[in-house]
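In what follows, a structure is listed as structure tokens, so that the remarks can point back to it.
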């Protein structure tokens, strides 16, 4: 079997202008970035706002193994298969962050014969969105520090600056830094730090904004610091929201690419799901829904993180709610949740599948709480045995959830035909009665308690000393009616990454809150979740290179 990049490089791509014709996008509607990438114009986005909205399919997963469970691959393969059975379909996905590409993942554009292309471009600099977001974020930092240096008219307490710089890399050495060192001409010394770009609030804002004016409004509402009398300082106080919007005026336009099978794909925005809301842009998803009859999108990590945030944070900003939720499961992950070590996952173990099924079952029941029909997709691997597959299908049947085996990585669209037909049938025969998990009027404590007890299966929520102080502060500032974005490990329902399966007897501790008032949600930090990842001992970058003819190698 060829590697992902070998498969991608063997495909004869069609010009993107030709690909998008099938969904009614003309040459004058796009802004080309070479032959195979383009951005959708504002004029076209506005022109389709009044069109009929299609069906929305959300792809999520069980709690993943460190290698991931193939959500993006399954999303792409499902969309290709839906097109093959005659459903006019588009994909709306996140764009990768360069940090994880160089770190563990080595790439994030699907895999095998279910990829979005050109994968080298998408995984590296793409159309420059990440750089624009990084620049906007750091321009804000520079302008903020300059304000303090040039007299500090707003009386900003330099000890209470909460806005951090960002870089689109995994770089643990930058988590805590001191800026302004040297002579007085270098600014006022203060503690600072770097987050990874995809954790920036500006990334979240870009992904939730509905148009340029909404983008500007959200940017103006970012809290960057507090004054010496403890009042929040907003971007609008610095009067720089116009400049930040200018930097992002092209980045907000969704990117158009294609799959191996020629399915049009909108790949735009990329917040992490463990430290941010984990969904691609509202603008891309909303536009796709008006261009196609079916739209496949995904939310990061397991359903306890990405899907919960999609349904409670993103969906209220969309023109419709999901018509079906597809939960991706792998037998290797179920066996890991059933107590099997990573080294033994390739060995048949039906008992472990049964034990690990509790994780999938909880995710299915959780998604049903939102009133949306659920389908389970088994992402097939070569080590899966017939006994294990049959066992999993029986277990799914016992809880009355539709289940299909899919081999889209190996077989492309053909490997997802049965899944596509089942998903289409579910949408056509079952109605979605979407409802949020909590109400805006609920307090911050009430919202978090509902997430912890109803989604995670936990007992109680504890608030650390800093979080307790912030609860009153946020209420006084009028921030308590916003949705909650839980920052939690992706490997477990709990805040302990080693507590696998479907644990029940555990509590969650919130150590700190971060106001994302521009994006419109509050981040609750739990466990040891970091907003700037580090690199592994042997980063994927060690295997990357470029040949003399410019061909990339080592991306996967």
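A Cβ is built for glycine as well, from the same backbone N, Cα and C atoms used for every other residue.
Per Swiss-Prot, the features are:
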- 65, 66, 67, 68, 69, 70, 71, 72: ATP binding site (BINDING)
Find, for the listed binding-site residues 65, 72, the residue with the lowest Cβ contact count at a 10 Å cut-off, counting only other Cβ atoms.
65
Secondary structure of residue 72 (ATP binding site) (DSSP, helix/strand/coil):
helix
Residue 66 (ATP binding site) - helix vs strand vs coil (DSSP):
coil
Using a 10 Å radius around each Cβ and counting other Cβ atoms from all shown chains, which of the binding-site residues 66, 68, 70 yields the largest count?
70
If one looks at the chain holding residue 69 (ATP binding site), which residues at least 6 apart in sequence have a CB under 8 angstroms from its CB?
61, 62, 328, 329, 330, 333, 379
Within 10 angstroms of the C-beta of residue 71 (ATP binding site), what count of other C-beta atoms is obtained when all protein chains are considered?
25
